[in-house]
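Read through the structure below, which is laid out as structure tokens, and then see the notes.
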Amino acid sequence: MGPSISFEDYTTPNFSGMISIMDPKASWACKWLHLGKYVPGCYAMAVNDDMPDDLQDILENKGIKVRHG
Amino acid sequence: MGKKRGYDEDDDEVEEELEDEDADEGSDGEGPSKRKKRRGSAFIDEAAEEDDEEDEDEGDKKEKKKNRSVFIDDIADVDDEDEEEEIEEDAEDLIDDRDVEIPDAAAAPLNYRRMTREEDNAQEEDILRRIEERYKDYQGEDIPDTADTGVVGQQGLLPTPNDPKLWLCTCKAGHEREAVVQLLQKVYTMAERGTPLRILSAVALDHLPGFIYVEAAKESHVMDAIRGLRTVYVGKGAKLVPLNEMVDAVTVNRKAKDDMARDTWVRIRSGLYKDDLARVVDVDPVAGRVTLRLLHRLDFNQIANRTEEQRKKNPFGRAPTVRPVAKVFNPEEARVAGLLVQRLQAMDGMPQYQVLSHKFVGGYLLRTVGIKTVTVLDTLPGLEEVARFNAAATTGDDDSPATDLSSLMATLPTDGTAATKGTFMKGDSVRIVKGDLENLMARVTGVNADGTKVTAIPDIKGFAEEVEFEADELAKVFAVGQRVRVLAGQYGGDTGMVVRVADALCYLISDTSREEIKVFARDLTESDAVASGIEMLGEYQLHDLVQLNQATAGVVVKIEKDAARVLTNNGTPEQPDVRLCRLTDIQRKVTFKNKPVTQDQAGNAIREKDYVVIQTGRMRDRGGTVAYIWHGSLFLHCKDLTENGGYVAVRSFSTRLRGAGASGGPGASSNSARASAILGGGTPGSVRSTPGSTPGGSSWGGAGGLRYTPASPRPDDPSSDRQGGGMAGGGIGADGRFQMALPQRGGGGGMAGGPGGGRGGGGSFSGRSYQGGGNSQFIGKVVQVTKGPYNGYRGRVKQQTATHVQLELDAVAGRPVTVPMEYVQLGETPRAQPAGAGPATGYRGAPGGGGYGGPGGMRPGGDARYPPQTPSHPGLQTPAHYSMTPAHPSMTPSHAPYTPAHAPYTPAHHSSGENDDYYGDGDARHQPMTAPTPGYGGIAHTPQQAQALTPALTPQGFTPQEAMHAPTPADQHHGVAGTPNLAPTPGLARTPYLAAPTPGVEPAPTPGGAHYDGGGYTPGAHASTGTPGLTAPTPGLPSAYTPAFTPSGHIYGTPGTPGLDAGTPAVVGVVEDFGTWLGILVTLPGGGRNAVVRSASPDGTVSAQPGSYSQDTGFAPDGSAPLETHDARTLQVVRPSKRDKVKVIKAESADVLGVTGTLIGIDNADGIVKCDVSNDMKILDMTFLAKVVA
């Protein structure tokens, strides 16, 4: 994390729903939401903002697809 | 903002990090609930400690302690929190920051930077290590899973009984997110203590305040987890979520997110502007702020007069005790009050002002408020409210004021932002637009009660299972040509045919207005029904005459949602004044105790139902039935107009009563006119009264009967020609009684010969009941009930009043029933023996009768009297047909060309196209009369006898009424004419009318005859030419008759054709050019072979290439056959069917003539044509269209 990057650029308060995952592998909710392979933690269920373009590029370059919803 | 935390962190670390987050928080400007949640989350350790404490008590001190103010720098007390607790608690009480927007968002990054600075390299390494540790098990996104959205993909993940369960727990409203974070942290903590909780996940949904879902295999696991949390009400327990609701429990309701956008209508939730309507100008989702446009409620005077002291005390002023009215901003107002008005740079072309801290654009106040302080409207705001709101736009320097309600209405339905959701109906064909089955087509099989879930069967081969969808996962799909009904919006209730589809929009041709309308596909459903067009707005009905103010009244020509379009008396035919009126704009419905009378240009009295012709302006020579008279203005109904429901407002002095010669005796004319009008259903109008000469009236009458003709030119000509006619008219006029007799008859009479008789029949309508004396004419007759509860019954008339008849039904012996006159039609019996019928009685003298074509036709001179006789009259009823469908205007078409010689005699049967049901029927009726009866001829000759016959008229009496009331011509036909099948025969009925009007007729020496013939004779008759009737009057004529007429009636006379010269120019309103026949498919006379016209000249000579045609293979020229030359009038045009290439061979305006296009739909007698070049949609009478082959 370089100093020039602000977390503000990559975070948003504009999301809906929140899910705390304690046991992603066993949880049905995680399976349904395709979070089964995520690490335990607290996730937003839907992000209502557009992703910054540069972040989109970064993800794209890493071959990560963004799922909406 | 994902929290990263490892199981291995110690409490201090956790705490520190959380505090950091707290500091960050200042930047996001989130509402209080979030802050609290996060703050709460900073104290997980306490959550654990509190396990044994009373934690459900909201007043619990512990809890208060947690609710720290954002104004307190948490960073500072990180180190020694316990010590500061007391202070904090006090601060909490003193500073209520719950609803305060965090003022210093800029400070957050500062704090953050300060923190990051504190982190030394060692810490960075530590973080790295932690991250690595944490993600060591991470196997990457399950991308394949995600991408694979096949049925199996997501559906395969549906919960099974073996999956863990979801449990619904109650928590403090507004603390849902806090609760799930607490649960997560509690899991970490407990895991560390070696007593791990066994819950799997926790979900908080925004749309479900006061609840969270916890996933666990057993209820006890859930209880263990929530016990001790202050945000969760443990006492309420955990409720198991049924298997089938689990998906919903973890599905985010995304609606909230999308619906706030520019131009969205919102309502303000509280404060001075509570419940006020506002429109979104800008949204800043990150800041959670929205800028609105609204009408201000500031009291400038009060603001300006505040004293210095008050200002100091409360810089922004107190909320006024009385709420000022919402106003449009007017800079002058503020200036007058002594406030400084600054003019700022214009925004979007609207002037912008600033007064104190308030900004105004145009007439609106601009205000920026929190997103949560407004509610988005689910539906469109009421029309009135929007009108008030939009009023502000007019006071700006805006060139396009939006006060005009119609423009406003126009904007409403298309702004999809707040439009109502689509409603699905069983049977709708839909496309799946979201989810696993995206892009598949499906058919709706059901909708649940609240319309949110729709079941449909996807269109997959071999798949017949219903699948449940959310309403927003489906989009309705319509195909061009489909008949649909509008479910919602401005055009709600209307029906029409889809002519174009553009994404979510469908363009329809409305059945009621005949105009193209634009509707969202989601507001449509398939429907074969045709809207009656009768709608109500409050107590007002379509086509009512309503008063808007003292000087303005109008006809309701359209009813829309919340409003009616009213054609007022203030416009002219060129510039109709149509206003959009809300219910409150309409004062009352205008009713007259005594029907008003006004005068036309020549001083003739005009009454309702009269037929008048406009004398000036663009609409010159067009005519219509007087629907209403109001203060010297007439509201005419013209069948051939589509605008404004066919209504035209015109000053009475720019019209002339049809048939009334300038010199004519007004009285007479009006009488006759009325009679005919009544009979004919209003149309026909007037007979010509001119005493002297002519009968024109009669012919008109005929016309009247047929409502179609309105457009046709004035009858004068014809009438003059026919002497006989003239007489009839005169007779009538003179004798008040005879009105009934109707001019029509007269006309008929005028018309001449036997045929006239036939027509007369038509005319006969009239006679009926209007006259007082005539009330007995039906008594003893067998009639058929064609409407109402007794529809279909036959019975004998026992008694009769002016409006009702008492019947003894054949099927219900002994119990007479009373039926409105217009519900009955003479049964066959009467028809059969018309002459004999008693009717004669009153009438006989009745010239009207004479009028009847029969006599008239025969001898021009004395004829008038004779006419009545013809039994056929009943048949005449045809007038009744006046078909409601506006489309028909076309009917007027040409009269068949007559050969010059004949002209007089056989005018034309032109019109009756087979296609045209209406006409066809009409003809049918006639047939019986004319064709068979030699008698006519005889009668015709002897005028005197004719009189005797007069009774015949009576039957007709019925018809007129029918005509008026009958909504659909078709009904009438059936009722009256026993032989609907006859339809193909040219419409005799019509012809007369047509003929009459045509100027051409006039010149002809024996015009009358001509007309009648046409009318009287059925096609069959023509063929035979020999029918006695005809022959009698004019020997030799038969031969005249012509070949030209084809039974089918397709052939229309066109101007320029020889026939025409003789007698009848094409009716005004319809033009035809045989030159356009090039390339069309026709049927050759004799043998029914098909041929394609390879060359055509305007005089009707065409050369055609024979061949065979089938729908499948198209046209195959017969190679061996040479081109054949024919007279176009002997050829039968092959009518196109749907999707055929067509050519317009006849039209109401020359510019359409010859246009080619594709027939995309057929609506009764009309075809909907998409033009090749212009891509316009046109609705044309099917008889105007010919099939084109390559």
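Including glycine, each Cβ sits where the backbone N, Cα and C put it.
Where the annotation comes from TrEMBL, it is an automatic prediction and has not been curated.
Pulled from TrEMBL, these are the features on record:
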COMPBIAS  B:8-28  compositional bias 'Acidic residues'
COMPBIAS  B:46-58  compositional bias 'Acidic residues'
COMPBIAS  B:74-97  compositional bias 'Acidic residues'
COMPBIAS  B:668-677  compositional bias 'Low complexity'
COMPBIAS  B:694-705  compositional bias 'Gly residues'
COMPBIAS  B:723-734  compositional bias 'Gly residues'
COMPBIAS  B:745-772  compositional bias 'Gly residues'
COMPBIAS  B:834-844  compositional bias 'Low complexity'
COMPBIAS  B:845-860  compositional bias 'Gly residues'
COMPBIAS  B:892-910  compositional bias 'Low complexity'
COMPBIAS  B:1023-1039  compositional bias 'Low complexity'
DOMAIN    B:259-286  domain 'KOW'
DOMAIN    B:423-450  domain 'KOW'
DOMAIN    B:477-504  domain 'KOW'
DOMAIN    B:605-632  domain 'KOW'
DOMAIN    B:776-803  domain 'KOW'
DOMAIN    B:1135-1165  domain 'KOW'
REGION    B:1-97  region 'Disordered'
REGION    B:659-772  region 'Disordered'
REGION    B:829-912  region 'Disordered'
REGION    B:958-1042  region 'Disordered'
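Sorting the domain 'KOW' (B:1135-1165) by DSSP state (H, G, I as helix; E, B as strand; all else coil) yields 0 helix, 14 strand, 17 coil.
With helix defined as DSSP H, G or I and strand as E or B, the domain 'KOW' (B:259-286) counts 0 helix, 12 strand, 16 coil. Across the domain 'KOW' (B:423-450), DSSP helix (H, G, I), strand (E, B) and coil residues number 0 helix, 11 strand, 17 coil. Per-class residue totals from DSSP over the domain 'KOW' (B:605-632), listed helix then strand then coil: 0 helix, 14 strand, 14 coil. The DSSP breakdown of the domain 'KOW' (B:776-803), given as helix, strand and coil counts, is 1 helix, 11 strand, 16 coil.
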